[in-house]
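For reference, Swiss-Prot has these:
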type	residues	note
TRANSMEM	34-54	transmembrane segment
TRANSMEM	78-99	transmembrane segment
BINDING	HIS84, HIS183	heme b b562 binding site
BINDING	HIS98, HIS197	heme b b566 binding site
TRANSMEM	114-134	transmembrane segment
TRANSMEM	179-199	transmembrane segment
BINDING	HIS202	ubiquinone binding site
TRANSMEM	227-247	transmembrane segment
TRANSMEM	289-309	transmembrane segment
TRANSMEM	321-341	transmembrane segment
TRANSMEM	348-368	transmembrane segment
Amino acid sequence: MAPNLRKSHPLLKMINNSLIDLPTPSNISAWWNFGSLLGICLMTQILTGLLLAMHYTADTTLAFSSVAHTCRNVQYGWLIRNLHANGASFFFICIYLHIGRGFYYGSYLYKETWNTGIILLLTLMATAFVGYVLPWGQMSFWGATVITNLFSAIPYIGQTLVEWAWGGFSVDNPTLTRFFALHFLLPFAIAGLTLIHLTFLHESGSNNPLGIVSNCDKIPFHPYFTLKDILGFTLMFLPLTSLALFSPNLLGDPENFTPANPLVTPPHIKPEWYFLFAYAILRSIPNKLGGVLALAASVLVLFLSPFLHKAKQRTMTFRPLSQLLFWILVTNLFILTWVGSQPVEHPFIIIGQLASITYFTILLILFPIIGTLENKMLNF
């Protein structure tokens, strides 16, 4: 009998073990769809980005008009650009839901998978930031100026670091050129990190909603989960294409329709919606260095999740107190996002400060306490 090529060929064997014959827990819910959705988001972004790069000019005098040219004169250029811009939003929606699922179901106990995931998040944030600068509109320019300027808060080397990043004494042509180079490069770094992320995941196997070992009840990935993933793709592409076709500028800033002008500061500088929660935490501290540290901590705190898990049960499925705390945290993140979009004035300042304190208190103090308390309740 001839050997099955799918199982014997060196390359196909790897694909087979990762996507076809992979033993998968039979009870994983739709919350486990976001990994594959992130994969399809990445592929879509790389494809649309490549097509946009063919028509883009990384020069301060031409960048804005080259984007306008793409939208007006290139065949379906408007659609490619709208899909790329809104695809970034969907990428972040998926990654936040993916992290939320990992947090709720205790997936962070697979430490290597979790840590590579956080590195992926940081790389994605860097990619989105440098990408937002490329159209060279007002918010692009001032966003780049404000965020890169934060590095000057680093003692001793800060100012040198900022000027090195800018390639001069202000955000100018060298900055735009290097940001374009980075924006082109980083998605491929994300693709490479994704393979590492998957390698670590397949080392342990997927977690499941019950958080128990599922070796006794596994089914092949194909056809069951390939079909489920295709349904997920459809359900994601539907709102993405609807947004790109009917309301492409809904999530953007009107300020970015004005070409960058270093002499005119926009009344309210703010990043894209997916960074607003971190921006609100940054603004809630009146000290520059303190704000930068809080901003970094808002994401890096995720690295501590495996060490702050005190509960005997892995998931929150049967832990109502932790569930309540989790949803308070989610609500708190929505409040931070809203505050980040508001001007720096009363009452938004105090709301932002309270929400920032609540964010860190829940993650660092309340979750371990509630976990320990629930352990005690198990003994009654």
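Heads up, residue numbers simply count up from 1 along the chain you see.
Yeah, the Cβs are placed from backbone N, Cα and C, and that goes for glycine too.
Here the features listed in Swiss-Prot are placed on the structure.
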| residue | record | CB count, 10 Å |
| --- | --- | --- |
| HIS84 | heme b b562 binding site | 20 |
| HIS98 | heme b b566 binding site | 21 |
| HIS183 | heme b b562 binding site | 22 |
| HIS197 | heme b b566 binding site | 21 |
| HIS202 | ubiquinone binding site | 14 |
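Listed as Cβ neighbours of the transmembrane segment (114-134) (distance under 8 Å, sequence separation of 6 or more from its ends, same chain) are residues 56, 58, 63, 67, 88, 91-92, 95, 98-99, 102, 107-108, 140-141, 143-144, 147, 175-176, 179-180, 182-183, 186-187, 189-190, 193-194, 196-197, 200, 271-272, 274-275, 299-300, 302-303, 305-306. At the 8 Å Cβ threshold, with sequence separation of at least 6, the transmembrane segment (179-199) lacks contact with the transmembrane segment (348-368), having fewer than 3 such pairs.
Annotated pair HIS84 (heme b b562 binding site) and HIS98 (heme b b566 binding site), C-alpha to C-alpha distance, rounded: 21 Å. The CA atom of HIS197 (heme b b566 binding site) is located 21 Å away from the CA atom of HIS183 (heme b b562 binding site). Distant neighbours of the transmembrane segment (227-247): 30, 33, 36-37, 40-41, 79, 82-83, 86-87, 89-90, 94; these residues of the same chain sit at least 6 beyond its ends, with a Cβ under 8 Å from one of its Cβ atoms. Taking the C-alpha positions, the distance from HIS183 (heme b b562 binding site) to HIS202 (ubiquinone binding site) comes to 29 Å. Geometry remark: HIS98 (heme b b566 binding site) versus HIS202 (ubiquinone binding site), CA distance 17 Å.
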